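**Student:** Please read through the structure below; I'll follow up with questions.
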Amino acid sequence: MRKLSFLDRVIEELDSYARFTKVPLNPSKKSPSSDTIDGKLFEIEKKHSAGLMRVDYTGEICAQGLYRGQASVAKSPQTKEHLYHAAAEEYDHLAWCGERLQELGARPSLLNPFWYWTSFGIGAVAGSISDSLSYGFVVETEKQVMKHIDSHLKSLPVNDNRSREILKQMYIDESEHAVEAEKAGGKKLPKTVKAIMKLQSKVMTTLAYRF
């Protein structure tokens, strides 16, 4: 098999990002909300749900960028395969959130290109240092995503049953990803790095909810 050149990799990543921006996306698994019916939602409730789901959509965009950035420079074939597999599973989450946004009459965040490529860069830097550090970023990212999802489940309008089913399944999947990364040798991140990630996450969630 021919080894990909730097230009080949750039083209491959641009093509992958282009796929993420297409609506609708094509998940490998049907949405957990497929067989669920919403109760009556007032416009103000729809707007709030849309803001929350927009944040979750952007969170999945960040996960795609991080994992693909890490995979692009992974030291071992096993790590590369693990990260691309995780990205593929996160793609389903992205599709589910995108579909729900459409149902709510809303759009994804306008800042998603920035968040994707920023996350890709962070992933590439972490991955170039060591696989264990790369896995450590996966663990911390998943834990932060789980906290967001948990808070969103508590904040969703009572009658927003479809969004709730999506987030419940996402929480389960993210938990499994964190455990798998820890088992693969994820290195515990320094407190300073965790603090920076939390700050970045706070900025992202605040902006994505509104824009």
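Glycine too: its Cβ is placed from the backbone N, Cα and C atoms.
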**Student:** Kindly point out which candidate in GLU165, GLU174, GLU176 is recorded by Swiss-Prot as part of the Fe cation 1 site with GLU60, GLU90, HIS93.
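**Tutor:** Matched candidate out of GLU165, GLU174, GLU176, per Swiss-Prot for Fe cation 1 with GLU60, GLU90, HIS93: GLU174.
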**Student:** According to Swiss-Prot, GLU90, GLU174, HIS177 bind Fe cation 2; identify which of GLU103, GLU140, GLU142 is listed for that same site.
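**Tutor:** Record check against Swiss-Prot: Fe cation 2 site with GLU90, GLU174, HIS177, extra candidate from GLU103, GLU140, GLU142 is GLU142.
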**Student:** List which of the binding-site residues GLU90, HIS93, GLU174 have their Cα within 10 Å of the Cα of GLU142 (Fe cation 2 binding site), in sequence order.
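**Tutor:** Of GLU90, HIS93, GLU174, within range: GLU174.
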**Student:** Looking only at C-alpha atoms, tell me how far GLU60 (Fe cation 1 binding site) is from HIS177 (Fe cation 2 binding site), rounded to the nearest Å.
**Tutor:** 13
**Student:** Near the Fe cation 2 site, what residues other than GLU90, GLU142, GLU174, HIS177 in the same chain have a C-beta no further than 8 Å from the centroid of the listed C-beta atoms?
**Tutor:** ALA63, ALA86, GLU89, HIS93, VAL138, THR141, VAL145, MET146, ASP173, SER175, GLU176, ALA178
